[in-house]
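As recorded in TrEMBL:
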type	residues	note
DOMAIN	85-179	domain 'Histidine kinase/HSP90-like ATPase'
């Protein structure tokens, strides 16, 4: 079995990112010894088929094709249940298709933030809930997770030093690593806490 050409893989990833910024979703399908490509307009759902990646790139670089510079925001309310972390990851996976290498880390970060809210806030208690907000910018992806407030007075989100015997506190270590420190939190007037994180594209 052959392996993918790294240069070709990078070219496709770059084209997929370019497609996203112009309002398209790019998909690739394997054919006999090659690939075929399909661009789908995110607004009109119109499909544009291509036989070569170079044709896709030429289409995306057309001077009359408007480039998307405004951010796109998606929101989801989740129940305070264990499976909500997985549902949040799946939601981000669907909405963040076509953003290139940032897709995997932002899914992981989202899952960790939701799981952290379930463990350490009132959202994980009876009738708790979590609000998820995902914003796709041309240069970054931002996720915000809002909970019902700390389970114990004075609790704040913080990175824990690594302890192999500790079963909690590791989630924000992963968030710190994936975001290169670009995360934080703020208290809300209603008593809830919003934790945000950004992954560069």
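Glycine residues also receive a Cβ, built from the backbone N, Cα and C atoms like all the rest.
Note that the structure is predicted; figures quoted are calculated from it, not measured.
Averaged over the domain 'Histidine kinase/HSP90-like ATPase' (85-179), the predicted model reaches a pLDDT of 84. Secondary structure by DSSP for the domain 'Histidine kinase/HSP90-like ATPase' (85-179): 44 helix, 17 strand, 34 coil.
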